Amino acid sequence: MEEMSPDNIHGLILAVSSSIFIGSSFIIKKKGLKKAGVSGPRAGEGGYGYLCEPWWWAGMITMIVGEIANFAAYAFAPAILVTPLGALSIIFSSVLAHFILQEKLHMFGILGCVLCVVGSTTIVLHAPHEQDIESVKQVWYLATEPGFLAYSAVVIVVVLALIFYYEPRYGKTHMIVYVGICSLMGSLTVMSVKAVAIAIKLTFSGMNQFKFFHAWIFIIVVTICCLLQINYLNKALDNFNTAVISPVYYVMFTTFTILASMIMFKDWASQSGLQIATELCGFVIILSGTFLLHKTKDMGNSANTRGATSQSPRETPVFINSGSTRSSNSSL
């Protein structure tokens, strides 16, 4: 195992800080969405009353702080190190949901949290060093290679299909639609964010990168992708259980981001087979933890409502959000 570079350590600290803020923001925003839904149309039904709700704005500010820390982390460390650490935000959001939103966390959910920590630690200890990039034009060259252009084209086609065909028909009952849009666009966001973060880092070191049009194109891509993600993440939070959204979104977002990073930055090119296998094992451990968090979330809720809702159908939160589920979530 190689010693961690100073840049990777800086990226690690920023990524962990980011997870704390982002995990908390899910809970704060959901409180705002629930309050707004009482007095007007819910976000999942096209309402925007949450924009007048202080709790939602507090959650947005918390998320922005977390995203800024995450943004800075990408300037120092490779995506394969920074992105999987998002699992820590699942822990914070699940624990806070347990105490604040009464979305109960089962005992096996705690085991899921532990697995997320173990998997994250494994990846951190074996993450590749960040490659030296001396100009934003170098990142532009990587982004315009045939492999990444093909990946971007596939992502855009799938997202358009989800937005214009599947979302109107299945969005309110199948969480995978909203999360799929956010995750696919998120992979492009991360690649562009990394480019902008590198440009800012180089500019502060005395090499102005914003005199090149490439940096501004990356900024435009980040803005468009972020707006789309915020819109559809709000809809997902309003229609589905927070402790289910967080792990499923994490799994899909991280998978697509690592894939995009492998294609664009070729993170694993300098690593041995053993190092790559260890990182993959760490990722699988994290996936196992998020799976436990997802499955046992319903076990925790059913244990507390067994007597009162013995006739209610069981929730299948990843794909279907039944009418009884919405009523149950709205009453929290």
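Placed from the backbone N, Cα and C atoms, the Cβ positions cover glycine too.
As given in TrEMBL:
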type	residues	note
TRANSMEM	12-28	transmembrane segment
TRANSMEM	48-69	transmembrane segment
TRANSMEM	75-101	transmembrane segment
TRANSMEM	108-128	transmembrane segment
TRANSMEM	148-166	transmembrane segment
TRANSMEM	178-200	transmembrane segment
TRANSMEM	212-232	transmembrane segment
TRANSMEM	244-264	transmembrane segment
TRANSMEM	276-293	transmembrane segment
COMPBIAS	302-314	compositional bias 'Polar residues'
REGION	302-332	region 'Disordered'
COMPBIAS	322-332	compositional bias 'Low complexity'
Highest-contact recorded stretch vs the transmembrane segment (276-293), from 12-28, 108-128, 148-166, CB pairs under 8 Å = 108-128
Other parts of the chain folded back onto the transmembrane segment (75-101), taken as Cβ under 8 Å at six or more residues beyond its ends | 7-8, 10-12, 14-16, 18-20, 22-24, 26-27, 30-31, 66, 109, 113, 116-117, 119-120, 123-124, 127-131, 190-191, 194, 197-198, 200-201, 242-243, 246-247, 250, 253-254, 257-258, 260-262, 265, 267-268, 279, 282-283, 286, 289-290, 293, 297, 300, 332
Counting only residues 6+ away from its ends, which parts of the chain sit with a Cβ under 8 Å from the transmembrane segment (178-200)?
-> 70-72, 74-75, 79, 83, 133, 136, 139-140, 143, 148, 152, 155, 158-159, 162-163, 167, 171, 209-210, 214-215, 218-219, 221-222, 225-226, 228-229, 232-233, 235-236, 239-240, 245, 248-249, 252-253, 255-257, 259-261, 264-265
